[in-house]
Amino acid sequence: MLEQITQLFMNYGIWGLFGMAFLDSFISPVPPFFMQIAMSLLDPGSALRFATVAFTASILGAPIGFMLGRWLGKPLLQKLLPAKWTALATEQFAKNGDAAVLIGAFTPIPFKVFTVLSGVFNYSLTKLMLFAIVGRGLKFFLIGTLFHFYGKHAKVLLDEYLEVTILGIGVLVAIAWFIWNKRRKRYL
């Protein structure tokens, strides 16, 4: 099914990539990452353009996921969970939301999870957008840059080193966030 959805979007070329990345921010079951790779394999010279399109669409869709979470998620959550659980989850997202959104924007976890939860738990839309720009930028432009410089051989590099690279960058981002957060608290 996921392949069929990707193929449907592929029929529309760069606009299909835009649509898939936009919808990934709040509803789509298929990450645009795979379509970006497929398109970059077909035309490595346009890989940075594909990265720009996917990045832009993903960022434009993020506030929609946030608003869906704000309007629909919280009432649904309150019906399904006891009030103390919802309060605890809200508190935890307030404490660790920065790291969750930043790492979530970069990893293969569907981005909509983080945009919608940000709205549900009243996370700052400004912070969501800032961390989405950093995380999504790293993700899409890493792929675009690999294809730009290595052409079709980038696919081999991704197949061999993608998990290790994502894990390594995720750890570096988490460490940077931890240091930044500690320093920020020291000056408050």
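From the backbone N, Cα and C atoms, a Cβ is placed for every residue, glycine too.
For the domain 'VTT' (50-146), the DSSP counts in helix, strand and coil order read 87 helix, 0 strand, 10 coil. Marked as domain 'VTT' by TrEMBL: 50-146.
According to TrEMBL, the feature transmembrane segment maps to 12-35 (among others).
The list of residues near the transmembrane segment (47-72) in space but at least 6 beyond its ends in sequence, with Cβ under 8 angstroms from a Cβ of it, reads 14, 17-27, 32-33, 35-36, 39-40, 111-112, 114-123, 125, 128-129, 132-133, 136-137, 140-141, 143-148, 154. Here TrEMBL flags 47-72 (among others) as transmembrane segment.
TrEMBL lists 128-149 (among others) with the feature transmembrane segment. Non-local neighbours of the transmembrane segment (128-149) in the same chain are 33, 36-37, 40-41, 44-45, 47-52, 54-55, 58-59, 62-63, 66, 98, 101-106, 111, 114-115, 118, 157-158, 165, 169, 173; each lies 6+ residues outside the stretch with a CB under 8 Å from one of its CB atoms.
Annotation source TrEMBL lists transmembrane segment at 161-180 (among others). Within its own chain, the transmembrane segment (161-180) is flanked in space by residues 98-99, 102-103, 106-108, 135, 138, 142, which lie at least six positions past its ends and keep a Cβ under 8 Å from the stretch.
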